[in-house]
């Protein structure tokens, strides 16, 4: 029996931080913190938690929350001069009470957040911006993040930025996961000083640490979790690249906010714009969207089942 759609603001008892809980009538739900504008929890209509958050994650600013979907702006990783992954994930966002109309219709179950330039930001990155983020749930439980970034500088100067939805997926066993849609693509290998390489496999599989940026990727990427018999379909718009990351055992043990063995049950795959930074002149706005759906699937002989194919073409 279907419930009701709701958006509720609550103070998390464990962390003391404000968050929004979105519930869609058919059972899916999402939790979004004002700190970092960060999604930490996404449950689909089947009741499965699809995102990974470390058991050792600290919800204490200014430390970023380890897991969920981190908003990396105006820089991803060390691809620039700012702190790791930029500053958007370390800021308190506000509710956007009157967002401009969206160019395309979105779900009624959503929350609009906004991040504006602060004096602290200007010391590190001397540009004036407005960053609007909409987090939405579709009626069938798909998670949709839409970012709109506008240059509001009065000095007439353009600015450049890189961006990523650094998305931590929960997986059963990293050695049983494969990512399809990235085969034959060039990528930057961050483990080899951003060396440009070409993917040789018919799918991306995981046997050791991975930290790559796949360039000019197709609009749909598929993550297949054999043990959970689940397929995640990631669709992107305005974001040409895809980040793939797993720290593996050695690096996991070196991170204080990450369990020693948690690398076995997570995988980061996220839409990004990195190789070619986005340039905005004053008054211009950029839009970047990531949609994720999860469907039960069976997988054999390199063929997706018909349900997965149907969902890929309809999301």
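For all residues, glycine too, the Cβ spot is worked out from N, Cα and C.
Now, the feature entries from TrEMBL:
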BINDING   66, 84, 89  substrate binding site
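Sequence-distant neighbours of residue 89 (substrate binding site): residues of the same chain at least 6 apart with a C-beta under 8 Å from its C-beta are 36, 37, 38, 64, 65, 70, 71, 72, 166. A sphere of 10 angstroms centred on the C-beta of residue 66 (substrate binding site) encloses 23 other C-beta atoms.
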